[in-house]
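One structure below.
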Amino acid sequence: MDITTWMTNHTGWADFILVGLFSQSQHPALLCVVIFLIFLMALSGNAVLIILIHSSAKLHTPMYFFISQLSLMDMMYISITVPKMLLDQVLGVSTISVPECGIQMFLYLTLGGSEYFLLAAMAYDRYMAICHLLHYPMLMNHRVCLLLASGCWFLGSVDGFMLTPVTMTFPFCTSREIQHFFCEVPAVMKLSCSDTSLYETFMYLCCVLMLLIPVTVISGSYSCILLTIHRMNSAEGRRKALATCSSHMMVVTLFYGAAVYTYMLPSSYHTPQKDMVVSVFYTILTPVLNPLIYSFRNKDVTGALRKMLSVGPVFQETVK
């Protein structure tokens, strides 16, 4: 056996094959168009939200700063997987090189981990805004917001740096077919011909820690918020507080629920089809739903959007 064959069989330098969503569909062309439209909606919705938050002085608050960070993460998150998936379908290819697979894995782990912690930071911000209203501007100033956001990005990158190198250094000497539409860790690990039980235990503990800290912050924050809302005399204040918190909890449930299924449930609960459906929720649908859930039903955001759209006609009338 020559060195090239040995490297291919034992060190994993041959290209992987992504089975993908389209192989499971009876109408791949229609599914391709639908996913492309969702991708455009996610990019445009999040981009518009970021522009509105940065251009409108009324939206220069900690809550909208964190929402702009969430939109940026969502734009990057959906861009890691969907463009390649669509391009492969159009070109009729399904391979991904080992370096490309590693980069894709690192980016989605980093962004996913960052979003877990960002959702906790957003819950903490709502806790400070509702439970410590008088001291809120001082306690959640711009410097504190920047530190919290930077911490979220850093902790997410730690997740990527820990899991990606270990996963990609396992020998892949069985099938090269990844039963997924992108290089997700559990799907890639199934191709390894070595004992991965110790690493799977480590990954489980890592995910428990990555989820436990944010969930503790979120649970504690919302428990205090609910107690404060219960004591409020103003019905309008209770309604606004509940509306803001319910939006956040919808996103938390979607994102954390998918993460728990993917990384914490035993393998007996998993099938390739189920795994892909769950992944569609948090990689494709969540980025397009977040702008709708969080902001476009918010009066401040819709007011800023109307103001931005009215600038064009007013400018044209002035020129005339």
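Please read every residue number as a count from 1 along the shown chain.
Every residue gets a Cβ built from N, Cα and C, even glycine.
Where the annotation comes from TrEMBL, it is an automatic prediction and has not been curated.
Annotation source TrEMBL lists domain 'G-protein coupled receptors family 1 profile' at 45-294.
Under the heading transmembrane segment, TrEMBL lists 28-52 (among others). If you look at the transmembrane segment (28-52), the same-chain residues 6 or more away from its ends with a CB under 8 A from one of its CBs are 21-22, 59, 67-68, 71-72, 74-75, 78-79, 82-83, 85-86, 89-90, 284-285, 287-288, 290-292, 295-296, 301, 304-305, 308.
Sequence annotations record features per position, and here TrEMBL assigns transmembrane segment to 64-82 (among others). A Cβ distance under 8 Å defines the sequence-distant neighbours of the transmembrane segment (64-82), meaning residues of its chain 6+ beyond its ends; these are 35, 39, 42-43, 46-47, 49-50, 53-54, 104, 107-108, 111-112, 114-115, 118-119, 121-122, 125, 142, 145, 148-149, 152, 181-182, 283-284, 286-288, 290-291, 294-295, 300.
As annotated by TrEMBL, transmembrane segment applies to 102-124 (among others).
Annotated transmembrane segment per TrEMBL: 144-163 (among others), in sequence order.
Taken from TrEMBL, the feature transmembrane segment covers 202-229 (among others). Proximity of distant same-chain residues to the transmembrane segment (202-229), defined by a Cβ-Cβ separation under 8 Å and at least 6 residues beyond the stretch ends, is recorded for 113, 116-117, 119-120, 123-124, 126-127, 130-131, 159, 162-163, 185, 238, 241-242, 245, 249, 252, 256, 259-260, 263-264.
Beyond the transmembrane segment (241-264), the same-chain residues lying 6 or more positions past its ends with a Cβ under 8 Å from any Cβ of the stretch are 63, 112, 115-116, 119, 122-123, 126, 130, 184-186, 203-204, 207-208, 211, 214-215, 218, 222, 225, 228-229, 232, 275, 278-279, 281-282, 285-286, 289-290, 293-294, 297. Among the features that TrEMBL reports, transmembrane segment is placed at 241-264 (among others).
According to TrEMBL, the feature transmembrane segment maps to 276-296 (among others).
Outside the transmembrane segment (276-296), and at least 6 residues removed from its termini, the chain residues within Cβ reach (under 8 Å) are 21, 24, 35, 38-39, 41-42, 45-46, 48-49, 64, 67, 70-71, 74-75, 77-78, 80-82, 108, 112, 179-182, 184, 247-248, 250-251, 254-255, 258-259, 261-262, 302, 305.
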